[in-house]
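One structure is given here, and the rest of the page talks about it.
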Amino acid sequence: MALRMLWAGQAKGILGGWRTICLVVSLFLQHPGVSSKCYFQAQAPCHYEGKYFTLGESWLRKDCFHCTCLHPVGVGCCDTAQHPIDFPAECEVLQEAGTCQFSLVQKADPRLPCKGGGPDLEWGSANTPAPGASAPHSS
C-alpha cells in the first residue's frame with residue numbers, strides 16, 4: 001500500500017512537471033509576432049517595479065518585453081516591439097520615447113522620415129530581385 005502511494009505521488013510530480021513545460025511552450029507559441037525575441041529565466045521571481053505576480057499573470061516592461069509568471073519555475077518574456085530589419089543604409093531606427101513603437105528616419109536629419117527608394121538588392125532577402133525584375137542568372 002505504501003509503495004502504491006509513493007508511486008502515485010511520483011507520478012503526480014512528473015505530471016505536474018509536464019504541465020508546467022506545456023504551459024511554458026504554449027505561452028511562447030501564442031505570443032504574436034513571428035520574429036519576436038523570447039527568453040526564459042529559471043527560478044526568477046515574479047515581480048516587477050514592486051508589484052508581485054502569481055502564476056499565469058503577465059506584465060509589460062518599459063523595454064517592451066511582455067513577461068508571464070510561471071511560478072515556481074521562473075519567468076518567460078517576449079519582445080513585443082516590431083523591429084525593422086531591412087531598410088536603406090542612409091536610414092536608422094529610433095524608438096519613440098515611452099512607447100514600443102519604432103520609426104525609420106534619415107541619419108542625416110532624424111526629424112525626417114526615411115525615404116524608401118526601392119529595395120536594395122545587396123541587402124535584402126537573399127538577393128531576390130524586385131517584383132517584375134528578371135531573376136539573376138548563375139553561370
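Here the Cβ of each residue, glycine as well, is placed from N, Cα and C on the backbone.
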Cysteine from CYS22, CYS38 that Swiss-Prot links to CYS78 by a disulfide bond: CYS38
Swiss-Prot annotation, disulfide partner among CYS22, CYS67, CYS69 for CYS46: CYS69
Lowest local Cβ density among CYS67, CYS100, which the record lists as disulfide-bonded residues, within 10 Å: CYS100
Spatial neighbours, same chain, of CYS114 (disulfide bond) - Cβ under 8 Å, 6+ residues apart: PHE87, PRO88, GLU90, CYS91, LEU104, VAL105, GLN106
